[in-house]
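As recorded in TrEMBL, the features of this protein are as follows:
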type     : residues : note
TRANSMEM : 6-26     : transmembrane segment
TRANSMEM : 60-86    : transmembrane segment
TRANSMEM : 111-132  : transmembrane segment
């Protein structure tokens, strides 16, 4: 019984654990900059970048898990990995000039929009199945699998 449940969420669990490691990396970076008292501006930039990433973190986790559970875990987990890459790009870019963080921010927003769309489609499919006995899950999974590859286009 447990293996059946784990089979349907293990990719989401892996992405969640990777995101936790990324948060630990960001926190370590903030701590390291805080110990260096020479450059207050660098600490403020790293601290602000970390806060910005943490502000969107609950939203990311919620929509990734909802998309994975309501529709399909593979494209949701793939989008989650892409989001983590975008968040890393944002964080590193924020430590340079603020304009360098913009591409990572915009890319992250696009991934979140994709995950939100997956959630809505998954919920809509559930309602169709529940009230009209029409199940389009296989078709929707095929579409989301193909559409997730479009996230790689810059």
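For all residues, glycine too, the Cβ spot is worked out from N, Cα and C.
Just so you know, TrEMBL annotations are computer predictions that nobody has curated.
Tertiary neighbourhood of the transmembrane segment (111-132): same-chain residues 56, 59-60, 63-64, 66-67, 69-72, 75-76, 79-80, 82-83, 86, 140, 144, 147-148, 151, selected by CB-CB distance under 8 Å and a gap of 6+ residues from either end. Below 8 angstroms of C-beta separation, residues 49-50, 53-54, 57, 60-61, 64-65, 68-69, 73-74, 76-77, 80-81, 84, 87-88, 91 of the same chain, each at least six residues beyond the ends of the transmembrane segment (6-26), sit close to that stretch.
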